[in-house]
Every structure is written in structure tokens, then in C-alpha cells.
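Everything below concerns the one structure shown next.
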Amino acid sequence: MLSNEMEALIQERRRTEKIKKKNQIPYVVIILIIVSILSMFLWRNNHSDIVFWIVGIAIGIVLRYSRFCFAGAFRDPFLIKNTKLMRALLLSLMISTIGFAIIQYGYLKNNTGLNP
């Protein structure tokens with residue numbers, strides 16, 4: 001009796017595994033077309049805006065498909081005593097803070113007559 005139930009569960013699991021996954025390539029093509037059209041309009045207005053926009057999209061895609069999870073960075077030290085993600089998050093915050101300070105220093109130095 002137990003082996004029949006196990007066999008039924010195995011068969012049910014095999015049926016659910018064979019569900020056809022949706023193809024996401026058409027969605028990516030549509031999004032790339034929209035991004036390309038919007039980037040052409042932004043290029044006409046300001047060249048630096050399009051660079052920032054494309055870099056932001058690229059960083060977003062990398063963060064989306066990497067194993068870098070902000071929620072996991074705060075959760076893992078308490079649940080599983082793993083601080084690897086938290087250290088990566090702190091390092092990225094330090095690097096971005098220094099980079100932001102350098103960018104702001106250059107902006108303030110060039111756009112005001114005063115040195116900060």
C-alpha cells in the first residue's frame with residue numbers, strides 16, 4: 001500500500017515537472033525596442049542622460065540576475081550566521097559613497113566659484 005502511494009506521488013511530480021515554460025524572448029525584444037526608441041529621444045536632448053540611463057539599466061540587470069540580495073544580506077547573519085552578503089553590501093556602500101563624494105566634489109568645484 002505504501003509503495004503504491006509513493007508511486008502515485010512520483011507520477012504526480014513528474015507530470016507537474018513537464019509543464020511547458022513560457023518563452024520570454026519576445027518580451028525582451030519588445031523591451032529592447034522600447035529602450036532603443038526612448039534612448040534616441042534622450043540622445044537628442046542631452047547626451048549625458050542617455051549614458052546614465054543605460055548604465056543604470058545595465059546595473060539593474062546585473063543585480064537582478066546575480067545572487068546579490070539586499071534582504072538576504074540583512075537576514076542571513078541572524079538566521080544562518082553567514083555574513084558574506086552583508087560584507088559585500090557594506091563594501092559596495094563604501095565604494096559608492098566614495099565615488100559619490102568624488103563626483104559631488106568635482107561638480108561643486110566646476111559649477112561654483114568656491115572650493116568646498
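Cβ atoms are placed via backbone N, Cα and C, with glycine included.
Please treat TrEMBL annotations as automatic predictions, because they have not gone through curation.
Per TrEMBL, the features are:
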- 25-44: transmembrane segment (TRANSMEM)
- 50-67: transmembrane segment (TRANSMEM)
- 88-107: transmembrane segment (TRANSMEM)
Sequence-remote partners of the transmembrane segment (50-67) [C-beta within less than 8 Å, at least six residues beyond its ends]: 35, 39, 42-43
Chain residues in Cβ proximity to the transmembrane segment (25-44) (below 8 Å; excluding those fewer than six residues from its ends, i.e. six or more beyond): 50, 53-54, 57
